[in-house]
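Down below is the structure, laid out as structure tokens.
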Amino acid sequence: MSKIYDWFEERLEIQAIADDISSKYVPPHVNIFYCLGGIVFVSFLIQVATGFAMTFYYRPTVAEAFTSVEYIMTDVNFGWLIRSIHRWSASMMVLMMILHVFRVYLTGGFKKPRELTWVTGVILGVLTVSFGVTGYSLPWDQIGYWAVKIVTGVPDAVPVVGESIVELLRGGVSVGQGTLTRFYSLHTFVLPLLTAVFMLMHFLMIRKQGISGPL
């Protein structure tokens, strides 16, 4: 094993990278509330893992969506557990994100020179809420259907372009298969990709600038 490690070490300088990560200075004022962002990240990873597992059985069609969710809950081995963990971690992600925003705001973590870190964090907050909105509709039950109908109908109040936005979100004039397909694509591909990109930016800026000082 040592020869293999030495081979990689010679080319990638693994030890130098590990030392840089492990030796990063942590200010003495940091407490447990500074871990809230990390909990959001862990919740996101759980979401990705459990969501990916469910894509093997979920069918994003109006006729089969609800039945496929029932199948996951009743017939798939540990399907009930995987979906439950997905739901619980989703709630945890939203809650921890809200608490994280409050912590950053109350400790002044949004001030110069960390404005861009704050902006990426706000974008991540919007993406987190979008996860909830799109995921809520995927079982395509009565609650999901009417939630989608209400949410996608909100932009109709926007002057001039409101009707076009509604049709874009719904994939047509009314809520149907086009809507479910759009929400499924957003929930499983677009939003995770955007979240991963902005999380990387967020972490790199925190790594560069360090944790903000006490008030």
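Using N, Cα and C of the backbone, Cβ positions are placed for all residues, glycine too.
The heme c binding site feature in Swiss-Prot is assigned to C35. Sequence-distant neighbours of C35 (heme c binding site) (same chain, six or more apart, CB under 8 Å from its CB) are absent.
Look at Swiss-Prot and you will find H86, H187 tagged as heme b 2 binding site. Annotation note: H187 (heme b 2 binding site) sits in a helical segment as assigned by DSSP. For H187 (heme b 2 binding site), the Cβ neighbour count at a 10 Å cut-off comes to 21, with all displayed protein chains included.
Annotation note: H202 (heme b 1 binding site) sits in a helical segment as assigned by DSSP. Within the same chain, residues at least 6 positions away in sequence whose Cβ sits under 8 Å from that of H202 (heme b 1 binding site) are T117, T120, G121, L124. For H100, H202, the entry in Swiss-Prot reads heme b 1 binding site.
The transmembrane segment annotation in Swiss-Prot covers 32-52 (among others). Same-chain residues lying 6+ beyond the ends of the transmembrane segment (32-52) with a Cβ under 8 Å from its Cβ atoms: 82-83, 85-86, 89-90, 92-93, 96-97, 99-100, 103, 128, 131, 187-188, 192, 195, 199, 211.
Feature annotation from Swiss-Prot assigns transmembrane segment to 90-110 (among others); the stated evidence is sequence analysis.
For the transmembrane segment (116-136), same-chain residues at least 6 beyond its ends with a Cβ under 8 Å from one of its own Cβ atoms are 40, 47, 90, 93-94, 97, 100-101, 104, 109-110, 143-144, 147-148, 151, 183-184, 186-187, 191, 194-195, 198-199, 201-202, 205-206, 209. The transmembrane segment annotation in Swiss-Prot covers 116-136 (among others) and rests on sequence analysis.
The annotation transmembrane segment is assigned in Swiss-Prot to 186-206 (among others).
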Binding-site residues compared (H86, H100) - highest count of Cβ atoms within 10 Å: H100
Long-range environment of the transmembrane segment (186-206) - Cβ separation under 8 angstroms, sequence gap at least 6: 41, 44, 48, 51, 55, 114, 116-117, 120-121, 123-124, 127-128, 130-131, 134-135, 138
